[in-house]
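One structure is given here, and the rest of the page talks about it.
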């Protein structure tokens, strides 16, 4: 169901984009490459060119891409132009204790547009893709019932994939068991927990890296709860939750050199504008088991600085390196896993600014 319908939002979006910076693989007759004429770009929003077109379907826009690619700015402008509301689809931006290190949208944005599922959950609360999907689905339906356009912004591939294509319904894990497994992990660490998992569920152990704490704990919990491998549930038919909606996916894909530059600049800004104090407060108020598993880049490095294991410059440099590596993995994932999408490309800040300057004005 990844297709255009008869609304004009993507047509208007593409209409203002410069010739060189966009291509789409959502056209009936092949891709629009760099240098394509504006006339051919207009076809992206033409319902005659789209598959599975249905005027009865409501639209959802998903704006995805690597960290520091400009998603928040573009999404905000899109929401202002098309009477939209924004929903978070980033697994780390749900936590209320870490808005700075996760680069959550600024308060100034939230005075102009309604934002949902940002910074609402405590780190001590259990959260999963299933819980996210339930909340996101509720928000999407609320927004469309108000006659507005839901715009989801983020870079968490698992959430996006599950929302668009469906999910494997793994039984809920009891809170008592979750607490037991987390306490066990704190006591014995990753390597020994992985060894235990290998005895119970060799299939999961063969697919999960010992250093991937979150997946390791999750797989152990699932086996303890169900007696089955977490991967056995992936062979079951996926449950579709928004089959009556039409997804339109826009992928921001900056040129790599520029992306790495924006990653470095963002981390530098975040470190200077409160991230150190933010993580210091977490370290003071919470037990290590509540924050050591968080995957937001920068937390691990700042903790190393606070513990005296790195200088501030070393922590920043390490965080920048890890952010660039993460961004590269995100780009690869979106290129390979999401086929029907519109891709926006730009090589520097000037191109990005010019490309998106008043892109949604109806002419």
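Note that the numbers count up from 1, one per residue, in the order the chain is shown.
Keep in mind that glycine also has a Cβ here, set from the backbone N, Cα and C atoms.
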Correct range for region 'Interaction with substrate tRNA' (source Swiss-Prot, candidates 214-218, 219-223, 224-228): 214-218
90-93, 94-97, 98-101 - the one Swiss-Prot records as region 'Interaction with substrate tRNA': 90-93
Distant-in-sequence Cβ neighbours of residue 66 (ATP binding site), under 8 Å, six or more positions away: 155, 252, 253, 254, 259, 326, 327, 328, 330, 331, 334
Rounded distance in angstrom between the Cα atoms of residue 70 (ATP binding site) and residue 156 (site 'Interaction with substrate tRNA'): 15
C-beta crowding around residue 69 (ATP binding site), within 10 angstroms: 26
Cβ-Cβ neighbours of residue 65 (ATP binding site) (radius 10 Å): 24
Residue 71 (ATP binding site) - helix vs strand vs coil (DSSP): helix
Residue 156 (site 'Interaction with substrate tRNA') versus residue 69 (ATP binding site) - Cα distance in angstrom: 14
